[in-house]
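*Asks:* First, the structure itself, so that you have it in front of you.
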Amino acid sequence: MSSDLDRQIEQLKRCEIIKESEVRALCSKAREILLEEGNVQRVDSPVTICGDIHGQFYDLKELFKVGGDCPQTNYLFMGDFVDRGFYSVETFLLLLALKVRYPDRITLIRGNHESRQITQVYGFYEECVRKYGSVTVWKYCTEIFDYLSLSALVDGKIFCVHGGLSPSINTLDQIRAIDRKQEVPHEGPMCDLMWSDPEDIPGWNGSPRGAGFLFGEDVVQKFNHDNNLEFICRAHQLVMEGFKYMFNETLVTVWSAPNYCYRCGNVAAILQLDENLKKNFAIFEAAPQESRGAPAKKPAPEYFL
C-alpha cells in the first residue's frame with residue numbers, strides 16, 4: 001500500500017488529482033486512523049501549527065518550503081482545508097494522504113468549512129463535480145470530515161481549536177464527551193468550537209457570523225486556569241500579519257493562507273513550537289504567480305446544451 005500511497009502523494013504534490021477509486025481507498029484508510037483519535041487529540045512537541053489553507057494549494061507548497069516537509073516536521077493543521085481557493089480537492093487529498101502515510105506526524109482537526117452545507121456554497125462541492133464529473137468524491141471527503149478531531153492538546157499545555165470557546169464548555173472533558181461523528185450542528189458546543197471568535201468584550205456575546213459566540217479575555221483566563229493551559233491557539237479569522245496575539249498573549253490566531261482569496265494582500269504564518277514550547281512564528285508570502293500554472297477556474301461543463 002505504501003508504494004501506491006507514495007505515488008499518489010507525489011502526484012498530488014504536482015497538483016494532479018488521483019483516481020476516484022484511489023480517493024475511495026484513501027478515505028477508507030483515513031477513516032480507520034481518525035476513528036482512533038480523540039475529540040481532544042494529544043500531540044507532542046516539537047510541532048508546527050497551521051491555520052486556514054482554503055484550497056490555496058500552491059501556497060500550501062510554500063508553507064512546506066518554509067516549515068519543512070512531513071514527516072521530517074510534525075504538523076498540526078487547524079481546519080478549513082477547503083473552499084474559496086481553486087484547488088480544494090488537491091489540498092485536502094494531499095493532507096489526507098500524508099495523514100494516512102504518516103499518521104503520527106500530521107494531525108488534522110475540523111474547521112467550520114469541513115461541512116456538507118458550507119462546502120455546497122463556497123466552492124468545494126462545485127470543484128469536485130467539475131474535476132471528477134460527479135458528486136462521489138465530494139461525498140467520500142465530506143464523510144471523512146465527520147471523523148476529524150475537534151481540537152488538539154500539545155504537551156497537555158496548549159489547546160488548539162479552529163474557532164474558539166463555547167459557553168457550554170468549561171472543561172476539556174466536556175469536549176471529549178461530544179459525539180463528533182456528524183455534520184457540524186447549527187448551534188451547541190461542537191458548533192461553537194468551530195465558529196466562535198475572541199473579542200475585546202467582557203464575557204460572552206452573540207456572533208455576527210450567525211453561529212458560535214464572541215468571547216472575552218475573562219473567559220479565556222478562566223478556561224486556561226481551570227484546564228491548566230498555557231494558551232489557546234486558533235485560526236478562523238484572517239489576520240493581515242499572519243498571526244495575532246490577544247489577551248496578554250493567552251490566545252493567538254494563526255492564519256496560513258497568504259493573499260487570501262488571491263486578493264487580500266495579507267501574509268501568512270505558521271507557529272513552530274520546540275520541545276520546550278518556545279514559540280517561533282515563520283511568516284511567508286503567496287507563491288509567485290509563475291509557479292502556479294494556469295488558474296483552474298474553468299467554467300463548469302455545460303451538460304445541458
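Glycine too: its Cβ is placed from the backbone N, Cα and C atoms.
What you see is a predicted model, and the numbers here were worked out from it, not measured in a lab.
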*Asks:* Based on Swiss-Prot, name the residue from ASP4, ASP6, ASP80 that is recorded for the same Mn(2+) 1 site as ASP52, HIS54.
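*Replies:* Among the candidates, Swiss-Prot records only ASP80 at this Mn(2+) 1 site.
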*Asks:* Distance between HIS113 (active site, proton donor) and HIS236 (Mn(2+) 2 binding site) at the Cα atoms, whole Å?
*Replies:* 10
*Asks:* Helix, strand or coil for HIS54 (Mn(2+) 1 binding site)? Use DSSP.
*Replies:* coil
*Asks:* Identify, in sequence order, the residues in the chain of ASN112 (Mn(2+) 2 binding site) that are 6 or more apart from it along the sequence and have a CB within less than 8 Å of its CB; answer 'none' if there are none.
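*Replies:* In sequence order, the residues whose Cβ lies under 8 Å from that of ASN112 (Mn(2+) 2 binding site) (at least 6 apart) are GLY79, ASP80, ILE118, HIS162, GLY163, VAL184, MET194, TRP195, ALA211, HIS236.
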